[in-house]
Amino acid sequence: MSLDRAKPLLLPLALMLAFELWARLTHLQSDSLAPPSAILAALATALADLSIPVATRDTLFAAFAGLAIGSAIGLALGIAFGISRPLDRLMEVTVEAIRPIPSIALLPIALIALGFGYRMEIVIVAFACVWPMLIMTRSAVRSIEPRLMEVSRALRLSAPQRIAKIVIPAALPRIFVAFRLSAGIALIVAVTVEIAINPIGLGAGIMLAQQALRADLMLAYLVWIGAIGYALNMLLIAAQRRLFGRAALAGDNP
Amino acid sequence: MKRTAILWRLASALVAAGFIAAWQLVANLKLVSPVFLPGPDRAWAALVRGFSSGDLAGKLIGTLEHMAYGWFAASIAGIALGALIGSSRMMRAYVAPSLEFLRPLPVSAIIPVAIAMLGLTQGMALFVIAFGAIWPIMLATIHGFAAVEPRLYEVARSLQMSRTAIIAKIALPSALPDILAGMRLSLTVALILSVVCEILAGLDGLGHWVLLSARAFRSADLFAGVILLGATGYLTSIAMSLVEQRLLAWQTAAR
């Protein structure tokens, strides 16, 4: 059993060790590579002088604000489209026309309208988060057991009551899966916007490190960004298991 | 049934036309400064102008090229590596967890590293696009190979098929739906990364075009570029659906 647990770790550890040895033996001098020990040292320094924590705060703030706005819009539209089939059909062409626009293509528009900073980043993240939320909420609402809706009709619940008491609770496990996916997208889009153009956060930090030819710091940022992405994903999966147990896993493969 | 579907579609197109009319109205009344928001008439005129002068077509081809090369490279490498890892239990135990660990990494974070290694070049863009697009394909292939009906493998063993024959005749066809789904996902990733690389490295393409238009406050050209990018995303995804339907026809028929 303990061997099975060690197996996944073996490959990365061996690779890192080999790379460290190779870098030491060849006295590596490079603008793009650095031995793992130097990367860890750079990470520790950047954590201690607060440059990485501040950048992390900026990135996560923009990502979460965009996620909150985008998933709220996506949720509202998804519920509306899921409940009302005519509305969904009427909006079909509009949604199909806007959805395929790559979120990053909105970057220049957001740039001239809002300038650099949080606002334009939040808008782009929000745009990217609307679609997975909308599509998955819509299908979650549509697949609600029809008898539940009959019950709500028999109880003469008003529309808002029906949404709050029947639709949202019944669709919640799958909505949370959509939220988890959106959170991952939010982080990716936020970092991408920062790398492309916006001078705040982790993405800007890694670009600065590259331009300063600090390979160790650049790779330290890369490792850190990877760790944040991994931690966020793990956190949301744990929350999903805890909140919904098996119900959520069923919705993972729609 | 078919008739009502067409009617709904028409009504839906009318709604979309209504939105465009509203956009025109907002632009005409100058509710939003025309510097930021051109009307659809000006965006359309910019689109036509761009194509008739050949500028925009060249940029579109540039973006499509980046996307296609990166995506093809990623598809071939992703399927090959995925098959290699997915078809061996040992590789699955040792390698797959590391890949899963890397999956939530925002792939754009690899761009600075690629710039440091390869400079602001075409090669850098291709590397980044291929690197980003390979993950969904490779992971889908591994998953597809791992999910092959075990009895099929038993049959293959009793027929004494070689490993390559097993991969080509049993595992690949059975994993095809997963692989195609991964390739579809990668298509979007490839388009996004193409745009980002063009913006960063100033490579010839729509990303560069929209950025330059924004810098010069030529909002009509900017919107023309964004519309083209949306159309690219839409058409490539439709093309992928057609390919999927064709390649998976045998499966739906069997069911």
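Using N, Cα and C of the backbone, Cβ positions are placed for all residues, glycine too.
Annotated domain 'ABC transmembrane type-1' per TrEMBL: B:60-244, in sequence order. If you look up TrEMBL, you'll see B:7-26, B:68-89, B:101-120, B:126-148, B:185-203, B:223-243 marked as transmembrane segment.
Nonlocal intrachain contacts for the transmembrane segment (B:101-120), taken as residues 6+ away from its ends with a CB within less than 8 angstroms of a stretch CB, comprise 127-128, 131-132, 135, 139, 189, 193, 196-197, 200-202. If you look at the transmembrane segment (B:126-148), the same-chain residues 6 or more away from its ends with a CB under 8 A from one of its CBs are 66-67, 69-71, 73-75, 77-79, 81-83, 85-87, 92, 96, 99-100, 102-103, 107-108, 110-111, 114, 118, 170-171, 174-179, 181-183, 185-187, 189-190, 193-194, 196-197. The list of residues near the transmembrane segment (B:68-89) in space but at least 6 beyond its ends in sequence, with Cβ under 8 angstroms from a Cβ of it, reads 95-96, 99, 125-126, 128-146, 163, 166-167, 171-172, 175, 179, 182-183, 186-187, 190, 193-194.
Tertiary neighbourhood of the transmembrane segment (B:223-243): same-chain residues 38, 42-44, 46-47, 50, 56, 59-60, 63-64, 67, 180, 183-184, 187-188, 191, 195, 206, 209-210, 213, selected by CB-CB distance under 8 Å and a gap of 6+ residues from either end. Counting same-chain residues at least six beyond the ends of the transmembrane segment (B:185-203), those with a Cβ under 8 angstroms from any Cβ of the stretch are 62-63, 66-67, 70-71, 74-75, 78, 107-108, 111, 115, 120-122, 124-125, 128-129, 132-137, 140, 210-211, 229, 232-233, 236-237, 240.
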